[in-house]
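**Student:** Quick one: this structure, given as structure tokens, is what I'll be asking you about.
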Amino acid sequence: MKKLILFAVLLEIGYLALSFALAEIYGQWSVVGEIVRSGLRIISIVFYGYCYRKYFYHAGHPFRIKNRLTPQFAIPLLSFFLFAIFYTNAENETITWQILFAISGIAAGVKEELFYRGIVQNALQKKYGYKIALPAASLVFTLAHVQYIYYGQVGGLVLIALAGIIFGSIFIYTGSVVFTALVHGLYDALLSVNLVPFRLSDSIALPLCFLIALAFLFTISEKFNGMQPTNSANDNNQDTLGLH
């Protein structure tokens, strides 16, 4: 197990290094670089999925979204998707660019959730409990995007940190890495298409995303919904690798 997990970590580091190199060669948002990154993501998805299935997936009760789609969860979730629509990265991009980056965004969301929640957060939660696992996995997720500082996009890095907390909270609440990956993939896809006539400024987007993250934290709190998050990833795992 340790060797495979170590290889998964090295694979992710390798992906991040190659991704940065592609951005330096072709540009941060280039079509060529994104096509190559998408190929690397598919390779990573296959391996991370294998690791998750082998070491962290223990089928319990099937995950049924209707049992979890309470108002206190649905409202922040819908707000998160609306936020992505109004914080688009595609204001001045072509339709071809938007389609390509929307598809690659879905792949990026699946890859990142399999690794950062399916493997990293699961491993930490099993050993230290969800109260440690959530911020720790979110920090690792944020550090993986530290190149945003290099490109002078500090606000973007802060939003990624908040998104990491949101994805981690969704994983804790649902117990499903599949559902969390679908949310992440759709979020990234919505960021890549231009559906509205204006874009939120960072001065509005940052506090808005912060409030959404707080809403998700409130949702997973024991006091609010009576749920008792377990310290064991296995006991709380309701992931059937499919939605019902």
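Here the Cβ of each residue, glycine as well, is placed from N, Cα and C on the backbone.
Sharing the feature lines straight out of TrEMBL:
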DOMAIN    99-189  domain 'CAAX prenyl protease 2/Lysostaphin resistance protein A-like'
TRANSMEM  39-57  transmembrane segment
TRANSMEM  69-88  transmembrane segment
TRANSMEM  94-111  transmembrane segment
TRANSMEM  132-151  transmembrane segment
TRANSMEM  157-183  transmembrane segment
TRANSMEM  204-221  transmembrane segment
**Student:** Looking only at the domain 'CAAX prenyl protease 2/Lysostaphin resistance protein A-like' (99-189), what is the model's average confidence as pLDDT?
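**Tutor:** Summing pLDDT over the domain 'CAAX prenyl protease 2/Lysostaphin resistance protein A-like' (99-189) and dividing by its length gives 95.
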**Student:** Name the range, of those listed as 69-88, 94-111, 157-183, 204-221, that has the largest tally of Cβ pairs under 8 Å with the transmembrane segment (39-57).
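**Tutor:** Result: 94-111.
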**Student:** Near the transmembrane segment (94-111), which same-chain residues lie under 8 Å Cβ to Cβ, leaving out any that are not at least 6 residues past its ends?
**Tutor:** 29, 31, 34-35, 37-38, 41-42, 44-45, 48, 181-194
